[in-house]
Structure formats: structure tokens, C-alpha cells
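Encoded as C-alpha cells, the structure appears first; notes follow it.
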Amino acid sequence: MQNRSLAFWLFLTPVILGLGIVVVIPFFYGLFYSFTDWNGITADEFLGFENYINLFQEDEFMSSIWFTVKFAIVTVILLNIMGLGLALLVTRNIKSSNLLRTVFFMPNLIGGLILGFIWQFIFISVFGDIAGLTGIEGLNGWLSTTNTGFWGLVILTAWQMAGYIMIIYIAYLENIPKELIEAAKIDGASSFQRFKNITFPLVAPAFTVSMFLTLSMAFKIYDQNLSLTNGGPFNSTQMVAMEIVRTAFSDNQMAYAQAKAVIFFLIVAVIAMTQVYYNKKREVEM
Amino acid sequence: MKKNNEKRNLISIEILGLLLGLIWLAPFYLMIVNAFKTKRDIFSGVLGFPEEPVFANFVEAFIDLAFLKSLFNSVLITGLSIAIIILFSSMAGYALARNKSKMSGIMFFIFVAAMLIPFQSVMIPLVSIFGQANMLNAGGLIFMYLGFGCSLSIFLYHGAMTGVSKSMDEAAIIDGANRFQLFWFIIFPLLKPISVTVGILNVIWIWNDYLLPSLVLSESNATIPLKMFYFFGQYTKQWHLALAGLTIAILPVIIGYFFAQKQIINGVSEGAVK
């Protein structure tokens, strides 16, 4: 199919319009207006880097970035351990293997908003009840402090996403040649040695894939944040994505929020590019 | 001896797995049992079964959620979005894979690179532009889903095209088919497995999306997640109603999962690993 041919362009027109109008044009449009005093409709003044300078001096924005970074580090580590653990479990020759896959994956199908509401009930009522029964005071008021709110979000995300990461690890685990494991068994390798020397190196690429997914997911999380803690108490559990929505639509500071959104894009893009870079480097080595 | 050991090992792994599975399901258990309780029942204990199951919670939640209407809106918006994403992305994936020019390479790169842009980075200008064009409605929303959904979908179709032999094209052209006939009658049916994957990945995301509908739709034509948000705000502190509403809201997904679990898990695994 040639470039010059009308058919080539006709086949592409709908997606060019879609991506162009929905993503590309708004992206550059927003980039431009982040340097002005834009109010969502008109802009009167070109401010240069003023919005950008201000946002780096704003405590709320910086603390939302810091909170998101901490959240990302913890969830990436936790999700990969859990995902690999669950994958190893359900790829063993057990009867409930398929049932367990279905169960572990289930939370992924239900939206983050609804899951956050369910866990709000658990952290408030169920934890409160268990505290009453067992006398463990620490279970009370889980969503009312910054620290426990953080762990609340981590628990919700781990429960929701571990099944997804599990699926990725399963795909790689099932590609390991059975003969390799059998041969090692015959040679007398213990199950730990088999894991360390065969399984682990062969699922390493799965780690690269799932690290990319978990990192970008952790940075972009919004619904769970909104429905579980709503950023509270005092905006201390507010992540970057939510901070941008608030600045734009609650505080009505469109240009300023857009500047934050540009910084957000740069962070996500740098993470993704770094990932791809290391990915490529490793592929060459192997 | 060794065989026996291994067997015992497997049994303990099985038990561990089932225990973990129960922990995984606990949030759903807690949601459902408490949805059947009265306010007082919940106050006196959340772990056990209700003394006498209350169905009135569900009736009230069903009515306040305007459930049939929200369900209809969700089905309509998700269904139409998926249909156009599958149709237009497969066409684009086909055209880009069969054209080896520099231009085509650049276009493919732009589509893939757009995946790097997080939603929040285009959200404000997007709402502004669509607002000025009077397009903040269901039609506009569906078009937005095409824009956000086409990148990954084109990427997947493009990859799948390597498995479709070029001799298909040549044979059909010799038989006198034009490009559209060739695509629609020969190529598109061959892409069915990847269409299922693309459909599943996009359904999961669009069905559950909250933020975009909240910026575009009004409460009267809300989708399930959006309606759930309003509903929940109304019933904070009335957990029996809130939980009944949540149970109703996830019911369609659970039913869908029950019927298509294998395809869903395969689809997700395909999309994630590629």
C-alpha cells in the first residue's frame, strides 16, 4: 500500500483525527497556555516561566510529588514480590490453580473508584470493629492520619494490581522449558537452587515489563486516591494526578494547573524513557 | 518416599493458595454481607451474617442509582467506543504495517509515543476545546475514547499484522477486490483474536473510567462509576445503603467475568506482554 495512494490516508484519517484532536492538539495548546495567565477560555498576558517558578515553591504541590514518589517506590517493590509469589503459586501443579487465577485477578476488573469506596468501609468500619474486639488501638482511624492513609492506599493498590502483575509473570513462567527444570532436578538441585539459577533469570524480563507498568500506574493513580482518602487529612495524601485536577477544577487556576500538568508529563516521560533505555541495553547484553 | 514428600508439599501449597484466595475475596464478602444489614446491625458488628437479611437496601439503592439508566448509558458509551476503536485502529494498523515508507514509520512512532502522555497533561485544554465546540456530551466522550484508546490498539494490530501473509492481499487484488473489500472481507476476519484482546483491554478501562466522564457528562446521563460517585456522596455514614449500591454497581462486571474469564485473562496477558 503506497504512501501516495488515497486508500492509505483514508485508512488513517479517523485515528489521525482522533489522536490529533484529543491528544496532540490539546498537548501543545496546553503547553503554550502554561506560560500565560489562561483561565480556560482566554489569556491576556504572557507570563514566561512564572507559573513554573511558583509551583516549585508551593508546599502542597511539592508534597504531592514527594507522596507520589514514596507511593511508587513502595508499590513497585511490593507488587513485584506479590505478583511473582502468586504466579509461582498458581503455576504449581495444584487443583485450584485456575480458580485462584480468577480470584486474584478479579479486583482489576472493577474500577478504582468503586474499590476505593469498598476499602473505605473496611478501613473505617471493619478495622474499627476488629480494634474493638482485639483491643489493638492502632487499627482505629486508618484514613484519618497521613501515615496510615498512605498504607491504606498501598494495601488497596496491592490488592487490586497484584493479580495483574501475576498474569505477566505467569506468561514468562510458562515459557520456561520444562526439560530445563527436570534436568536440574535430576542433577540434584534443590528447589531453591532451581529458582535462583533457572526460574529467576528467565523471568527477569517480566520484571522489566511489570516495573514499567507498575511505575507508570503508580504515578498516574487518581480514582483510588479520590474515593479512599479524598486526599485527606489536610491534603496530605493527595497525589500529583489529584493535585492537578483540584487546582484546575476546584481552584479554577487553569494556566497554573496546566504548568503542573506539564511537569507531571515530564516526570512520567522521563521514567518511561529511562525504562526503555535500560530495557534496550539489557537486551543487547543477553 | 520422595513422591510422598512432593505430594505433601503440593497439598500445603494448595491450602496456602486457598487461604490467600479467601483473603482476596474478603473485601467482597464484607461488602455483600453488610449490604444485607440494617444500620443498627452494622453498628453492632460487621464481620458476621445479618440477623435477618434486608432487601430494602437494594431496592432503595437501585432506585437512587437510577440503575437501569446508568447501566444503559455505560453500555451505550462503552459499546460504541469499543466498536469505533476496533474498526478504526485495525484499519490503521493494517495500513501502517503494509506500507514500509518513511512517512508510515513516522506516523506509527507518533501513535506509540502518544502513550507517554498522561491524561492529566491534556485534560484541561481538552475540556476547554470541547467545551467551546459544544461537544461536552456523550458523542464527544466517545470520540475522546477513540483518541485515547487508538494508540495501544494500533500498536497491537500492527504487531498482529506480521502474522498475516502478504499473499492474501495479492490474491484478493488479482481477484479484483479494492482495498476496502480486501480489508473488510479478508484481513479483518483474520485479525479476530487480536480484536478480542483490543476489545477486552479497552472495555476494562472505559467501563470503569471515572475522571473523564465526570468532566464531560452531566448527572442525568451519567455512567455507572460517575453515578456511583454522586450516590456515595449522598450516603456517607449510611453504610447499609452505600454498600448495597456498590454491590449492584459491580454486578454487571462480575457476571461478565463469570462468562468470559478465560478470554479476559488471556486478553490481558497478551496486551501486557506485547
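Cβ atoms here come from the backbone N, Cα and C positions, even for glycine.
Automated prediction, rather than curation, is the source of TrEMBL annotations.
Record features (TrEMBL):
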| type | residues | note |
| --- | --- | --- |
| TRANSMEM | B:12-32 | transmembrane segment |
| DOMAIN | B:71-260 | domain 'ABC transmembrane type-1' |
| TRANSMEM | B:75-96 | transmembrane segment |
| TRANSMEM | B:108-130 | transmembrane segment |
| TRANSMEM | B:142-161 | transmembrane segment |
| TRANSMEM | B:182-207 | transmembrane segment |
| TRANSMEM | B:239-260 | transmembrane segment |
Residues of the same chain, at least six outside the transmembrane segment (B:239-260), with any C-beta under 8 angstroms of its C-beta?
31-32, 34-35, 37-39, 41-42, 54, 57-58, 60-62, 64-65, 67, 71, 74, 207, 224-225, 228, 231-232
Who are the chain neighbours of the transmembrane segment (B:108-130) in space, where the CB to CB distance is under 8 Å and they lie at least 6 residues beyond its ends?
92, 96, 136, 140, 144, 148, 150-152, 154-155, 158, 211-212, 215-216
State the residues, same chain only, that lie 6 or more residues beyond the ends of the transmembrane segment (B:75-96) and have a CB under 8 A from a CB inside it; answer 'none' if no residue qualifies.
104, 107-108, 111, 138, 141-142, 145-146, 149-150, 153-158, 160-161, 183, 187-188, 191, 195, 198-199, 202-203, 206-207, 213, 223
